[in-house]
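Engineer: This is the structure, below, for whatever I ask next.
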Amino acid sequence: MDRFELLGPLPREGTTTVLEASAGTGKTFALAGLVTRYLAETAATLDEMLLITFNRAASRELRERVRGQIVEAVGALQGDAPPSGELVEHLLRGSDAERAQKRSRLRDALANFDAATIATTHEFCGSVLKSLGVAGDNAADVELKESLTDLVTEIVDDRYLANFGRQETDPELTYAEALALALAVVDDPCAQLRPPDPEPGSKAAVRLRFAAEVLEELERRKGRLRAQGFNDLLIRLATALEAADSPARDRMRERWRIVLVDEFQDTDPMQWRVLERAFSRHSALILIGDPKQAIYGFRGGDIHTYLKAAGTADARYTLGVNWRSDRALVESLQTVLRDATLGHADIVVRGTDAHHAGHRLASAPRPAPFRLRVVKRHTLGYDGTAHVPIEALRRHIPDDLAADVAALLASGATFAGRPVVAADIAVIVEHHKDARACRNALAEAGIPAIYTGDTDVFASQAAKDWLCLLEAFDAPQRSGLVRAAACTMFFGETAESLAAEGDALTDRVAGTLREWADHARHRGVAAVFQAAQLAGMGRRVLSQRGGERDLTDLAHIAQLLHEAAHRERLGLPGLRDWLRRQAKAGAGPPEHNRRLDSDAAAVQIMTVFVAKGLQFPIVYLPFAFNRNVRSDDILLYHDDGTRCLYIGGKDGGAQRRTVEGLNRVEAAHDNLRLTYVALTRAQSQVVAWWAPTFDEVNGGLSRLLRGRRPGQSQVPDRCTPRVTDEQAWAVFAQWEAAGGPSVEESVIGARSSLEKPVPVPGFEVRHFHRRIDTTWRRTSYSDLVRGSEAVTVTSEPAAGGRADEVEIAVVAAPGSGADLTSPLAALPSGASFGSLVHAVLETADPAAPDLAAELEAQVRRHAPWWTVDVDHAQLAPELARALLPMHDTPLGPAAAALTLRQIGVRDRLRELDFEMPLAGGDLRGRSPDVSLADVGELLASHLPGDDPLSPYADRLGSAGLGDQPLRGYLAGSIDVVLRLPGQRYLVVDYKTNHLGDTAADYGFERLTEAMLHSDYPLQALLYVVVLHRFLRWRQRDYAPARHLGGVLYLFVRGMCGAATPVTAGHPAGVFTWNPPTALVVALSDLLDRGRLQS
């Protein structure tokens, strides 16, 4: 396989290219480089590129790296910075005109960087389905749930009771088995369930029937709850792409000409089906992955899918330079790994060249780049070929590791010229008990160490204390619950203090519980945590041993409870039950993993799965030689390339034994790849152990070193058992002679003292010389208007109710005309009521067959979140009736005389959130000052004198408002954008301002005064510029004069239905304004001025 040359010919459209990486060979750099070259050298734009990776952290990193590479290239092409590598030097080649074109293309890419689709597979599928609408078979109001565990648990509870609740004998399936079975089949929709035809009445038949019932009921409940999981996104998109004339496929191919997929070795059959159907033989499809690091089979990753896809590629290359590790370490590891097959003939470790020629670890007591410490039997009192118990080794090896780390830290060793510290060291394991043993040994040696992967946070003491608190909230009159809560970390009482103070203490705690429960009901769970902190919980917990750990867990649980309360709209009893279910469910999603309790420099202890993608100067592998092989109830395996999940239980006879054999082989292959990942995390040194345990015959490191000899590529699934210490040492010595690991006997010596006299440095005052740019801010229309009264520096726009509405607008004269009563005359006004109306109009479907029922349902859905002074039972029907006429009110000439009811969901973009860079918003360096006064000058120069809003130019030039700077970012949300026939787009803003109780109070003149009084012209201008920017990269052949239709401000109280009075073409309640196209373009350029000149 040839090596990939980043500066070679770019992959062409209509081809599939596979780039096979190895550990440390710079996949992300290659991806960023390819994107930069496509942008600079071809006519491709960022919105035509799709970059997919497999988790959010990788997506964020990829976005930052791509943008950083483009910024670096722009700097070099502008002459601001020297070329920093071969890629930039390549881009600098060519004539002045060619360089200018590259610079222009890359600057355009930076200016429109938000157009780039850099996302996880599920984010990408979700956005595609949302944009496809009906073509993607995706309802607009379906809620995406990150985890279906709670729903599956509810279904298991119901089905288990229905199937086994009345049995007099023990059921064939325990509840724990039923829950594990259900979660396994739901989480792996690509797998076929086996055995296919179990004997009727057998345990296997019961298990398969139960799994089928769970899957069927899950689909039914998801439909009823309007919910879907991540796997549903993939399945629905794959289904939408299935037909030969699929409109989804046409749209995806039309939008994305270049598709790059990172971490492709972790794909699954459904993900590849989507990519293949959408882009194969049409787009330039580039798949980047390392099959040697395919370790996520238990999460759905399928190496067979990778191999199948790679086998159909038009071109395959390898990345051949290791940018991570020193040459000495690369060569030593290559001695062991080169040409080794890791579970498949096509998964081969290929040779790489090291970028770092020297050895960055200097003055270490044992400097060999790859060390193997061998535990001989006599060290622990064994001899011959006896197996050393793993429990004995869980004491010896961690102690040996701690002594080795202590010697290294005390030696004065340096890495890359600086002293080695504890944070430079990682200990990588596969099992939690091994991690805990190493953490305890390091702690006893006085070496700080952190391990976050030992438990789910819901298994912590903090979770138990939160549950105890929530139970007491529900019944503060029950002394038993109150006294239990008193003994939690929230109060810190003890059995002694409870006995001494008795009822007085119980009454005091009960009073606090009532107060905190009231906080929780009105302000959320976070308010309870804050109240506990103010009461001294933090100081008390931190004063105890392990206090940092406990306080971190308490805060973590508080955050998860707060999110669950908002996401699922749970009250205190619901939160109590939710927390109880989480604790019962066991291991959950990544956000349930315990967080770091300290950011101090410490040895990092982690599992291989956590370590993947990371690097450390020194890596210790204490138990990579050992692997216990077990047979679970549920087995994953492949049958002739088909992914299968055996759920028939352990009593399956010959068929079960065959499946167990297939599963063991795949597990052995996975373990080899885990060992490869662990060995390749180090930059300068790897230290591993070997010992003669019963299970060392299965361990990845044992099979690599003891199961083969130098020069052999095939790695056995199992080593020859029962070798003597001398036989094992002889094999290891052969590897050392060939350039492999340096072999050492594992004997624990005296620990080195970590305490060394440290010279006390002199102290001097540090002076702050930089100038803080106080005009740079993240602002909004509302903040700009409020800022005219008092200018303050804020980090975020203010949140809350509808800040852009006033209860009563001051107008000069009463309205005249038809005395038609407003449909909302009897309803209240105010920001809370306005927020409720906006929420209803945002989510209601105007094309619903029964619009009144639809509006009433939406009012009921949103009313609990907004306090409105109307009887709760009457609010929904009254407000629904009041909002119905506005949907039949003509919108005037600007909207082609249509009504809101006639403009369906497919022609609406509701709640268009934006974050728009202003002058100096996203590039460093000083940019020209722009203020609202400059906007006023533009308004004055572009608006004719008879424009109803022309007087607003003077308002923008006034002191206070005109002085407001426009530097940083403008954030906000447009209520709705309507698409009219002919591809014209209207910005629409709903207003509930109270101007009077009849339609006459909402005539055009009155609305004009209200607009000017409330500074709405500024909002309208900014929102039209946002739409202009949006259409510029989303509308084909965009032309502002053709596509921009202006703005509609809908004062809903004046919209009385088909009978709404119309004066000079202006329906009551409808304010129409179409700012000149030249003004919109000029304002967009003005706001962008600083960025364009940077």
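Quick reminder: no glycine exception, Cβ is built from N, Cα and C everywhere.
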Engineer: Given that Swiss-Prot annotates His838, Asp975 as binding Mg(2+), state which candidate in Asp845, Asp850, Asp963, Asp989 belongs to that site as well.
Structural biologist: Asp989
Engineer: Quick one: which residues besides Ala21, Ser22, Ala23, Gly24, Thr25, Gly26, Lys27, Thr28 have a Cβ within 8 Å of the ATP site's Cβ centroid, in sequence order?
Structural biologist: Ala30, Asp290, Leu319, Asn322, Trp323, Arg324
Engineer: Measuring Cα to Cα, tell me the gap between Ala23 (ATP binding site) and Asp989 (Mg(2+) binding site) in whole angstrom.
Structural biologist: 53
Engineer: Would you mind listing, in sequence order, the residues at least six apart from Lys27 (ATP binding site) in the same chain with a Cβ closer than 8 Å to its Cβ?
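Structural biologist: Counting only residues 6 or more apart in sequence, the Cβ neighbours of Lys27 (ATP binding site) under 8 Å are Leu19, Ala21, Asp262, Glu263, Ile288, Gly289, Asp290, Leu319.
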Engineer: Mean pLDDT for the region 'Nuclease activity, interacts with RecD and RecA' (775-1094), as a whole number?
Structural biologist: 85
Engineer: List the same-chain residues at least 6 positions away in sequence whose Cβ sits under 8 Å from the Cβ of Gly24 (ATP binding site), in sequence order, or say none.
Structural biologist: Asn322, Trp323, Arg324, Ser325, Thr352, Gln615, Thr680
Engineer: Can you give me the Cα-Cα distance between Asp989 (Mg(2+) binding site) and Thr28 (ATP binding site) in Å, rounded to a whole number?
Structural biologist: 43
Engineer: Three-state secondary structure of Thr28 (ATP binding site) from DSSP?
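Structural biologist: Where Thr28 (ATP binding site) sits, the three-state DSSP reduction gives helix.
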Engineer: Using the CB centroid of His838, Asp975, Asp989 as the Mg(2+) site centre, which other residues of the same chain sit with their CB within 8 A?
Structural biologist: Leu841, Glu842, Ile974, Val976, Val988, Tyr990, Lys991
Engineer: I'd like the Cβ neighbour count for His838 (Mg(2+) binding site), meaning other Cβ atoms within 10 Å of its Cβ, all protein chains included.
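Structural biologist: The answer is 24 other Cβ atoms.
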Engineer: Report, in whole Å, the straight Cα-to-Cα distance of His838 (Mg(2+) binding site) from Thr28 (ATP binding site).
Structural biologist: 43
Engineer: Report, as a single number, how many Cβ atoms besides its own are within 10 Å of the Cβ of Gly26 (ATP binding site).
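Structural biologist: Other Cβ atoms found within 10 Å: 18.
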